[in-house]
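Taking it in order: structure first as structure tokens, then the write-up.
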Amino acid sequence: VMAAVALALRRRGMRFRWRIWASAGGVRGAAGGAAGQQDYDLLVIGGGSGGLACAKEAAQLGRKVAVVDYVEPSPRGTRWGLGGTCVNVGCIPKKLMHYAALLGHMIQDAHHYGWEVGQPILHDWEKMAEAVQNHVKSLNWGHRVQLQDRKVKYFNIKASFVNQHTVRGITKGGKEMLLSAEHIVIATGGRPKYPTHIEGALEYGITSDDIFWLKKSPGKPSSADVALECAGFLTGIGLDITVMMRSIPLRGFDQQMSSLVTEHMESHGTRFLRGCIPSRIRKLPDGQLQVTWEDGISGKEDMGTFDTVLWAIGRVPETRCLNLEKAGVNINPKNQKIVVDSQEATSIPHIYAIGDVAEGRPELTPTAIMAGRLLAQRLFGQSSDLMDYDNVPTTVFTPLEYGCVGLSEEEAVARHGQEHVEVYHAYYKPLEFTVAERDASQCYIKMVCLREPPQLVLGLHFLGPNAGEVTQGFALGIKCGASYAQVMRTVGIHPTCSEEVVKLRISKRSGLDPTVTGC
């Protein structure tokens, strides 16, 4: 056995350090000798949006920072680079493929505006996927460069806790290293769930971890609770899509708006199987997948054949392999998320958790980014600012986009009582829908307010084109405590969809039908 080579470097005034022990037999204890020593003020576990934001901010503030990140391949073998879910298998590829579907609709509208477009209009999945994947890879590289520029040390290792200040990392080659730091931030995010109790679910199904990295078209996808965003863009590029829902769509969102989203999708070709639960998936000799399900309404069993089964039934936090018990970090045993306080601190004061892995936090990239930056500023920048998780805007990128900020109508009624809530609403027709004679039946806006003057705005819900852009602007006003009267005194930009928000006059309480407005 070759003896380990020991080198020691020490920095003054620093207490914690990482160590590497290397020998032919793998990692040894302290007696094996330390191959190197360095100290870190901050160690971030997880190279997603929140973790990277926290690490970069701390480095900007002059601290010595390390990031460890490792992507466990999906059951189908899909893997990706630095950047986390959003960059690789979430927001970025999803929005680009959503835009691809929107382009298809615009091409169909083009002849109404004088463009002569050849028929038939065909979509090339492989070309789109390659372009999207190349962009994602450029973002992976960009994050690596940014860490290097800020002198943040990056380790592509699978990490787990040894004690409250030390993490063990395992490289792809099986070598181990120990890293220690004064402060540790857990930002490992989550991964899609598989319903392993269903026969064939793991063997034949895919998830959002895989869909954006498929080399060939998924063909005719279906199965339980396919995420509406995926179902929307897949339908939009011409695929035959079936969504199986056991209960309600878009749980946690305003249910009137959610119903309008699914109505629009259904009218544009997406098939919905409501109240159905899959029980078995089998692969047929021709390669197709036979899905068996039970209709919860009739109680009867039914089946269908599909090319792809995409599971979108929720996510689980990446905490199981962290050995959190070794550090004394508490989790919620029901969902495996890490319990944190308003400072993002866990049960161990110098260990923090941000993003999807933390209990009670919105599973949204921008909240993780801001929480990470604010945490770094509190730790190293003499700031006391806390992350405010109220009135966080978001958008669901379904074919007809749904943007919202603040409370849903159901939440407002539950919190304040029906008698204290006023809802102003209207259907509208976007100008760009008129010439092309597009259906605008589900273009709808709802503003939820307190009834008592000055009628504070509790929530805004917008269903229509460019919903994210519209919602982002109004989110600032709502964050600043805007009232209904102030919104009504705001001059709209004409002709836009967003100006319809400042024209809301009809309340649900009045019993009048909401007017269909338009430019």
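Keep in mind that glycine also has a Cβ here, set from the backbone N, Cα and C atoms.
If you check TrEMBL, you get these features:
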- HIS494: active site, proton acceptor (ACT_SITE)
- LYS95, ASP356: FAD binding site (BINDING)
- GLY314: NAD(+) binding site (BINDING)
- CYS86-CYS91: disulfide bond (DISULFID)
- 40-372: domain 'FAD/NAD(P)-binding' (DOMAIN)
- 392-503: domain 'Pyridine nucleotide-disulphide oxidoreductase dimerisation' (DOMAIN)
ASP356 (FAD binding site) and the residue listed as 'NAD(+) binding site', distance between Cα atoms, whole Å
12
How big is the gap, in Å, between the Cα of CYS86 (disulfide bond) and that of ASP356 (FAD binding site), rounded to a whole number?
11
If you count the other CB atoms within 10 A of the CB of CYS86 (disulfide bond), including all protein chains displayed, you should get 22
Return the residue, from the listed binding-site residues GLY314, ASP356, with the maximum count of other C-beta atoms within 10 angstroms of its C-beta.
ASP356
Taking only the Cα atoms, work out how far CYS91 (disulfide bond) lies from ASP356 (FAD binding site), in Å, as a whole number.
14
Can you break down the domain 'Pyridine nucleotide-disulphide oxidoreductase dimerisation' (392-503) into helix, strand and coil residue counts using DSSP?
40 helix, 33 strand, 39 coil
Cβ neighbour count within 10 Å of HIS494 (active site, proton acceptor):
8
Between LYS95 (FAD binding site) and the residue listed as 'active site, proton acceptor', what C-alpha distance do you get in Å?
27
